[in-house]
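Now, the feature entries from TrEMBL:
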type: BINDING; residues: ARG93, GLU149; note: substrate binding site
type: BINDING; residues: GLU149; note: Mg(2+) binding site
type: DOMAIN; residues: 31-161; note: domain 'HpcH/HpaI aldolase/citrate lyase'
type: DOMAIN; residues: 178-225; note: domain 'HpcH/HpaI aldolase/citrate lyase'
type: REGION; residues: 1-24; note: region 'Disordered'
Amino acid sequence: MLARLSAFQGGVGTRSYSASTHADPRAKLRRSLLYVPSSNDRMLQKSLSSPSDALIYDLEDSVAPNEKERARTALLGFLQSQPREHASRTFVRLNAIDTPQFVGDITTVLKWEHLEGIVMPKIHSASYLDKVASYVPEGRPLSIIASIESARGLWDAGHIAGWKAGQGAGNKVTVSSLLMATAAKAFGIQCIDMVCVNYKDTSVLRDECEEARRLGYDGKQAIHPNQVEIIQSTFVPTEKGAFGLDSGSGEVEMIDAPMLKQAEATIAKAKAAGLKIPDV
């Protein structure tokens with residue numbers, strides 16, 4: 001899940017899942033979040049041309065143990081050389097809290113004052129997020145995507161989803177995936193599905209995206225640039241859907257307050273994605 005810290009923070013996401021407190025669809029879209037290995041200089045440069053809503057520069061799984069320190073230093077230099085306009089979609093996945101690399105990771109990436117947020121793997125309880133927050137200067141805005149990857153974390157999903165720092169895979173629906181989406185919505189945060197590892201089979205990716213969207217997820221993480229287009233086209237209303245015509249004949253219907261609220265959220269998300277909404 002993804003939360004916002006400014007005296008803030010939060011986040012969630014076993015399949016793994018993630019979520020964000022940018023629940024308002026008029027806030028930044030998080031349909032696709034593309035992972036980029038921080039140890040690969042060519043991929044770092046190439047990432048700037050990606051249409052993905054967000055980029056996650058990875059210091060964890062995609063970086064070999066003997067490359068961790070070099071990748072961290074190289075990433076900071078890369079980020080500091082980038083134009084300010086790229087900052088709003090820039091995240092960094094750190095190594096887990098209980099690893100030797102965590103402190104070095106978080107203290108290094110926070111040196112770049114424009115960083116939009118961090119991705120924290122293996123969050124097992126809300127107390128893990130308290131530890132993360134203790135390294136963030138008071139008053140600094142920062143988004144945190146917290147990934148739940150264990151039964152222990154799933155058990156504490158409600159507390160993780162409701163956390164505010166500083167107080168300021170298959171194709172079947174599983175209980176855990178529904179629980180994650182429900183927990184995220186209950187606390188008004190975005191819920192982001194994890195990656196489809198079968199990046200060569202677009203039908204598998206599309207099925208996962210459609211399933212996640214039906215469950216109420218707001219977006220999905222990606223490990224290959226070719227996945228971005230399918231993900232972004234799935235997690236956004238169609239123009240007809242935003243106009244309210246997808247599920248019927250287009251005739252006038254009586255609606256209640258919850259339906260109106262849902263329609264307003266759909267239209268806001270469509271506008272954020274740049275879709276044309278017909279005047280009525």
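Including glycine, each Cβ sits where the backbone N, Cα and C put it.
According to DSSP, the secondary structure content of the domain 'HpcH/HpaI aldolase/citrate lyase' (31-161) in residues is 55 helix, 25 strand, 51 coil.
In the domain 'HpcH/HpaI aldolase/citrate lyase' (178-225), helix, strand and coil residues by DSSP number 24 helix, 8 strand, 16 coil.
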